[in-house]
Amino acid sequence: MSKKLHIKTWGCQMNEYDSSKMADLLDEYEGYTLTDNAEEADVLLLNTCSIREKAQEKVFHQLGRWKTLKDKKPELIIGVGGCVASQEGKAIKERAQCVDLIFGPQTLHRLPEMIDQIRAGKKAVIDVSFPEIEKFDRLPEPRADGPSAFVSIMEGCSKYCSFCVVPYTRGEEVSRPLDDIILEIAQLAEQGVREVNLLGQNVNAYRGATHDDEICTFAELLRYVAAIDGIDRLRFTTSHPIEFTQDIIDVYEDTPELVSFLHLPVQSGSDLILTQMKRGHMAIEYKSIIRRLRKARPDILISSDFIIGFPGESKQDFADTMKLIEDIQFDHSFSFIYSARPGTPAADLPDDVSLDEKKERLAILQDRITQQAMRYSRQMVGTVQRILVEGPSVKNPMELRGRTENSRVVNFEGMHKHIGKFVDVEIVDVYTNSLRGVFIRGEDEMDLRRDLRPSDITAKYKQTDDLGVSQFKPA
């Protein structure tokens, strides 16, 4: 009987990526298969997030539920990873004796050894260190799960915004070597992946080493990835305004694989609040980036992050944020009420905006952006959109579901042979959370560019060392 693994994941897309790597790692090295049922698992892993309020209490509530499973099954192994694990360390074990493993985002690759130590009789293993890029060297080859894939290009953040825990929980910025990223994407393309989303806490700070000890910028990386045959759509998340340089904007002008959609967090439209947040830019600088982007790519849509009720946020500060929203005309946002994160500089500021005021401002902001998003959706009616077909429609399995460049779900009638491929559809109707399309043409009628075959990369340049680590080595 195969061993079973259950992973519960909270938080950002990076955590989702990390959890998928944990599953691949334990499958390859330990033979574990994933299960959605915690009661039948041999190993339970909780991948935590410390961004939201009461993150620690949420963790201990979950561990309390899992303790009852361990009481019935003493050999059950329970592990806690992610940002709360990185923050709290051994304090988790002191409060929850049922926990066997505590590991940070940079040490998840050591899970097989940690599990072996517990099996050998060790009472607890705690490793929340920051071993830089070693994590990526030890992970198994990627496995495609559908036509779209996330690829981590860097870890950590060095910006130290006053409200954010990321530099303390994931460490400072560390970029993966260019060749490793290209090889991973080529391997995914060989498995049928058509869309890649480059992932990091601050992707546009990417500065990866090349095989000849030069430095590859983020703009250069985008062009390298776009040239790989089969990768016909390219996204990235998340970026920071202060490093959204002109060379990145230039890629939008000449690289059609890069989608006409950008998530660029701003957090506030008030210069005073931006200064308090230590964001390193003013509202006018943010608007300048968007203006230059729209000159390079007129149809680009923008989404952002907003924190509502930051300490000291006055009615005028909030009005400045709403003015920025009106000026930019955002298509989407992730917006939250401010709550202090322990250990951050902002936690020492007086939280002087009432909860009722925060809720009212949040509702106003979200309503405005929802209206703007619906307007953009209605403007798409009658247009032909290229979508990547992800699978059957959720509500009607006899239909298909795909996604536009600007991340809208489109349902349409079509043949299942189109799953995993691009099709063109005409948008004929708009709903709250999706669009309705009519099939126009399939991929065989498109003139998709072919530059660099993935097999040329994986076959010619792949080198594997004695430890089984594969690297991309240009000849």
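The backbone N, Cα and C atoms fix where each Cβ goes, and this holds for glycine too.
The [4Fe-4S] cluster 1 binding site annotation in Swiss-Prot covers Cys12, Cys49, Cys83. What Swiss-Prot lists as [4Fe-4S] cluster 2 binding site is Cys157, Cys161, Cys164, and the listing cites sequence analysis. What Swiss-Prot lists as domain 'MTTase N-terminal' is 3-120, and the listing cites sequence analysis. Sequence annotations record features per position, and here Swiss-Prot assigns domain 'Radical SAM core' to 143-375 based on sequence analysis. According to Swiss-Prot, the feature domain 'TRAM' maps to 378-441, an assignment based on sequence analysis.
Overlay of Swiss-Prot feature records on the structure.
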{"residue": "Cys12", "record": "[4Fe-4S] cluster 1 binding site", "DSSP class": "coil"}
{"residue": "Cys49", "record": "[4Fe-4S] cluster 1 binding site", "DSSP class": "coil"}
{"residue": "Cys83", "record": "[4Fe-4S] cluster 1 binding site", "DSSP class": "helix"}
{"residue": "Cys157", "record": "[4Fe-4S] cluster 2 binding site", "DSSP class": "coil"}
{"residue": "Cys164", "record": "[4Fe-4S] cluster 2 binding site", "DSSP class": "coil"}
Nearest-integer angstrom distance between the alpha carbons (Cα) of Cys12 ([4Fe-4S] cluster 1 binding site) and Cys164 ([4Fe-4S] cluster 2 binding site): 13
Rounded distance in angstrom between the Cα atoms of Cys83 ([4Fe-4S] cluster 1 binding site) and Cys161 ([4Fe-4S] cluster 2 binding site): 16
8 Å Cβ shell about Cys12, Cys49, Cys83 centroid, [4Fe-4S] cluster 1 site members excluded: Trp10, Gly11, Met14, Asn15, Thr48, Ser50, Ile51, Gly82, Thr169
Which same-chain residues, if any, lie at least 6 apart from Cys161 ([4Fe-4S] cluster 2 binding site) yet have Cβ under 8 Å of it: Gln267, Met277, Lys278, Arg279
Whole-number mean of pLDDT values that fall within the domain 'MTTase N-terminal' (3-120): 90
Neighbouring C-beta atoms (10 Å sphere around the C-beta of Cys157 ([4Fe-4S] cluster 2 binding site)): 23
Same chain, 6+ residues apart, C-beta under 8 Å of the C-beta of Cys164 ([4Fe-4S] cluster 2 binding site), given in sequence order: Cys157, Arg341, Thr344
Nonlocal residues around Cys49 ([4Fe-4S] cluster 1 binding site), in sequence order (Cβ under 8 Å, 6 or more apart): Trp10, Gly11, Cys12, Asn15, Ala55, Gly82, Cys83, Val84
DSSP residue counts for the domain 'MTTase N-terminal' (3-120), split into helix, strand and coil: 64 helix, 24 strand, 30 coil
Non-site residues, in chain order, whose CB comes within 8 A of the mean position of the CB atoms of Cys157, Cys161, Cys164 at [4Fe-4S] cluster 2: Lys159, Tyr160, Phe163, Val165, Val166, Pro167, Gln201
Site of maximum Cβ density within 10 Å, from binding-site residues Cys12, Cys83: Cys83
Helix, strand and coil totals (DSSP H, G, I; E, B; other) for the domain 'TRAM' (378-441): 5 helix, 33 strand, 26 coil
